[in-house]
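Student: One structure follows; several queries about it will come next.
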């Protein structure tokens, strides 16, 4: 089996690429970073530090790399069995034209073996969004063929991969946590379902997408925002602060109550899942910076994302949400010189005031009780 993976960054190498290579799949990375491409093609291997209770070093071998903006990537799409991505939500649109060209070439070459494309991004139904971009880039006469022969498979991914603080200056070395979860929608595949250790197949993807979004992502973001306000540097430092931990755990329990109501998750198992996530935030090997985790607050405060979506669920089912409100207020305080969204957020609040700004970003009614609660909490943090 041959696979092409877009994105040779830390998540690409440390998570999805590693799982594919470990499964014996012939893997080629596509990226724009020439230093990483050259290193991969010189060595065809790299090291992954897997850290949890203990630390182990795994070697991923037999990999190649191509530029994601050249002809090579188009040729590969015409040949491979699987295309995966870990490029970040905003980059999906940029890689779509190359994928479209590759699919046209595949059609022209008469390659009708099934191809499945899986976007492994921190977003809800990312592959469906990628499909929209690809379809827009396709000529009309190729669209029906692509619908017939190409599966666009949505997935939920979960593994903390902090930026590498490698002492060796090795551009390929990466550190990841022991925990990993890659859940894919088995109803969307073309052809036989793949058997890849570490890839979990489900016919109820949205339950797992929301479980991860409402727990890991919600908890991670709130830890970062409250941690930064309290002057902590890392996620571990922040979650070991008892005041912050209580709010984060409370927020995950509030969002969890929505999941239990909506999808019928077992309450005891979900409580154990929350505990596992708190343990992951405490991992001493992961030097995860609160500023990195908190960045892009406008996206994280949008209606379909990790703070507002669970809040809307609590309103739908008339459930408590005081800790989620604290997290939203913390996000409104997020400031970073390196993050354009943080600067835009600050400007919006300065211009319109917190009430109108939050309503505009989140889609919540400016005159609603929850916006009033969030503004009160926001002002109390000043």
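In case you wondered, yes, glycine gets a Cβ from its N, Cα and C as well.
As annotated by Swiss-Prot, NAD(+) binding site applies to 3, 4, 5, 6, 7, 8, 9, 10, 11, 12, 13, 14, with the evidence given as sequence analysis. The feature N6-acetyllysine is assigned by Swiss-Prot to 269, with sequence analysis given as support.
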Student: Rounded to a whole angstrom, what is the C-alpha distance between residue 9 (NAD(+) binding site) and residue 269 (N6-acetyllysine)?
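Tutor: It is 33 Å, counting Cα to Cα.
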Student: So of 7, 9, which of the binding-site residues has the fewest other Cβ atoms within 10 Å around its own Cβ?
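Tutor: So among 7, 9, the binding-site residues given, the one with the fewest Cβ atoms within 10 Å is 9.
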Student: For residue 13 (NAD(+) binding site), what residues in its own chain, 6 or more apart in sequence, show a Cβ-Cβ distance under 8 Å?
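Tutor: Counting only residues 6 or more apart in sequence, the Cβ neighbours of residue 13 (NAD(+) binding site) under 8 Å are 29, 46, 48, 60, 172, 174.
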Student: Using Cα coordinates, what distance in whole Å links residue 7 (NAD(+) binding site) and the residue listed as 'N6-acetyllysine'?
Tutor: 34
Student: Of the binding-site residues 3, 5, 11, which one has its Cα closest to the Cα of residue 269 (N6-acetyllysine)?
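Tutor: Considering only the listed binding-site residues, the nearest one is 11.
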Student: Need the DSSP three-state call for residue 269 (N6-acetyllysine) to compare against my parser.
Tutor: helix
Student: Where does residue 9 (NAD(+) binding site) sit in DSSP terms: helix, strand, or coil?
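Tutor: The residue in question, residue 9 (NAD(+) binding site), is coil (DSSP, three-state).
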Student: I need the most crowded of these recorded positions: 5, 269. Count other C-beta atoms within 10 angstroms of each C-beta and give me the top one.
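Tutor: Counting Cβ neighbours within 10 Å, the top one is 5.
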Student: Validating a neighbour-count step here. Other CB atoms within 10 A of the CB of residue 3 (NAD(+) binding site): how many?
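Tutor: The answer is 24.
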Student: Tell me which residues of the chain lie with their Cβ under 8 angstroms from that of residue 11 (NAD(+) binding site), as long as they are six or more apart in sequence?
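Tutor: Sequence-distant Cβ neighbours: 86, 120, 159, 161.
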Student: Can you tell me the three-state DSSP label for residue 3 (NAD(+) binding site)?
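Tutor: DSSP call for residue 3 (NAD(+) binding site): strand.
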